[in-house]
Structures are given as C-alpha cells and as structure tokens.
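Visitor: Here you go, one structure.
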C-alpha cells in the first residue's frame, strides 16, 4: 500500500501520500487472523471475537479495492497497460506465495521419506491441490478443502479481482460501477443463501473477494470524492467517531460473526475504512506509531507465514509431549485438538506462534517480498518516463491481502 499510495498522490496532490492509519489496521487485522487460526486453548478459542476472526480477511478485500482504485484507476485510464499493472500485482504477491509453498512441500517430502505419523500428499495437501495452488486457482471451487499454505486462497481470489478491475477500467469504464454494484449485491446474497455465513473459502472465495473488493473500489471512486476526500472536522469528533467504529467492529464480529448477518462484514469494514481514512482522531495517531506502522509493512508476510509457523509449533509440541509425557494438547468441545492443557502452556504456545510469525515475517519481507517487487519493477519498467511525471516505478508495496 505504501508505494501505491505515493504514486496516487503524485497524480492528485490533494490526496494523501499514504493512508498510514489503514496500514496500521492491516497489521493488526493480520495478527487477528493469526489468532483465529492458532490452535491454542483458552481465551483465543473461547472468545467469540477471536473465533470469528476469519471476517478480518474481508477487511483486507475491501481495503484492497479502496487502495487499488486510489492508486491505479487514473493510471489505467490513461495508460491502458493491463500487462504492466497485472505483472506488478503478480510480482507483489507470487514470490512469497511460491516460497511458502516450497517450504510446505519440503516438509511434506520429509514426512514422506521419514514415514511420519500421518500420510503425505493426501487430502488438502494432494498433488492436484498443489497444482491449483501453483496456478493460484484454489479459490475457484477447484479443490474440496483448504490445504498447503491455506491462507493463500484469498491471494488467489485477489488476483482475479485485480485482473477484472483493470479490464473494466480499460475496456468498459462506463459499465464499471453498475457491474460492481451488481457484484456486491449478488455476491453477498448468494453467499448468505448458499453458505449461511461469510466463512467461504475454496468454494465461493472468489465471489467473497469480488464483493468486498468492489465495495472498496466504489467507496474510493464514488463516496470518497463526493464527501470531499478528507473532511475537516475537529479532532475530538474524529476521535469519538474512531472509538465508535472500533466498538462497532468488535460487537459485529463477536455477536454476528457466526450468523448469516456476517455477510454484512464488507459494509461494516467499508465504514471503518472511510472513518480511519481521514486519520483525524487519536486512534489514528496511535495506529501511525512506529511499531504498528512496521507491523503494517510486514502484514502480507504475517498473513502468508503464520500457517507454516503454526504447523511447526504443533510439530514441536507433539515431539515434546511424546518425549516428556507432558499432556500438552487438550480437546475442545468442538473436537479440535488444541495446544495447552494448562494456562501457562496456552500462553507459551500463543507467544511462540506470534513471536515466530513476526520474526519470520520480518525476514521474508526483507529477503522475499522486497526483492520480488524490485525485480518485477525492473522487468516491467517502461522505457519512456511515467506519464504521471512522478516516481511511478517505485515498488508497488501493498494493496493485496492483507
């Protein structure tokens, strides 16, 4: 998001170079997704807010639509260069996806060679599923269950959203907003009727993404300009609005995250993005602080590495339990196998998962993400100067899930 927003600011000097508070929310929401996936007993598994944390993926979808429209709509209208736009998006998300997939495959091969406790290359980790993961087609109903680096289903869906967005801007700009409106309504209604909650991934993940992405794009292209961009309101009023927004999201996720009304999540998050896009209150200032800003920068890595860290933490816990005889795992009421038969074990497991994810993410951000973006920029750089007259060839850093 950082560099996309700088590019957009060059095109429109009245717009912010970055939505720094939204960057901060990206980092926080990425950690909330980690907590949702963490198989740890205690507060994380017992609290509705964390159990319904899957909804924060919809925040990423709406934010992606908002940011991509903010950064690329005018450029795509002017340059009509689909190949370069999509290539930049691919180099943004695919290097880390491929790297993490390779790590999962390596451990699957290790399990095959060592004849581990479970069978290798079956179910969600089958060879067929691997091919779909490589092709980024695993959110289109091509596989039966999540597998491999399971959070990456949303990246598969976002690539589709990127491509359709660019095609509409270039080929059918007049039909763009009506089509997006239809996508939002039809998408949410279909998911509500067929799935019963917003928690759909490999079956209708693509539709879930398109609905959220479209809403974010409409927010940026229609609502934001008509409201005059950043509204000049006193800091106290914005602080109250931000606090109310945080409360709204917390209550919605906790109380409605497991019901059919969870399909309204994109609407709730769109409101939050609008409020925090103004960066007018004290909460926004907190979100722009150094540690949270860094967490926002590495949020894509947090999202893409945490499943691997969780799997390895489970491996270590299993070996430790077998060798020491300690009862490390416990069974939840829903049948899930959770780490932590005591409170201190649960807190230790959670701390290891969070710390391991952040450390690994900082490494992959520096060694995989940034070089991948730089390589893509170099390969796809135009021979002529950018039409915007600004630093349009800086690495496109964000705007993807998360």
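Glycine residues also receive a Cβ, built from the backbone N, Cα and C atoms like all the rest.
Just so you know, TrEMBL annotations are computer predictions that nobody has curated.
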Visitor: Identify the transmembrane segment range according to TrEMBL, selecting from 120-140, 204-224.
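Guide: Checking TrEMBL against the ranges 120-140, 204-224, the transmembrane segment one is 204-224.
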Visitor: Pick from 177-198, 287-308: which range has transmembrane segment per TrEMBL?
Guide: 177-198
Visitor: State the non-local partners of the transmembrane segment (24-43) in its own chain: residues 6+ outside its ends, Cβ under 8 Å from one of its Cβ atoms.
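Guide: Same-chain residues near the transmembrane segment (24-43) but 6 or more away: 1, 50-54, 56-57, 59-60, 63, 151, 272, 276, 286-289, 292-300, 302-303, 306-307, 310, 314, 330, 332, 336-341, 343, 345-347, 349-350, 353-354, 357, 398, 402.
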Visitor: Any contact between the transmembrane segment (259-277) and the transmembrane segment (93-113)? By contact I mean 3+ C-beta pairs closer than 8 Å, pairs at least 6 apart along the chain.
Guide: no
Visitor: Same-chain Cβ contacts of the transmembrane segment (347-368) under 8 Å, 6 or more residues past its ends?
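Guide: Non-local partners: 31, 34-35, 38, 40, 42, 44, 95-96, 99-100, 295, 297-298, 300-302, 304-306, 308-310, 312-313, 317, 339-340.
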Visitor: Out of 55-73, 152-170, 177-198, which stretch touches the transmembrane segment (204-224) the most, going by CB pairs under 8 Å?
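Guide: Answer is 55-73, with the largest number of Cβ pairs below 8 Å.
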Visitor: Taking only the residues in the domain 'Acyltransferase 3' (20-365), give me the average pLDDT of this model.
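Guide: A mean pLDDT of 93 is what the predicted model shows over the domain 'Acyltransferase 3' (20-365).
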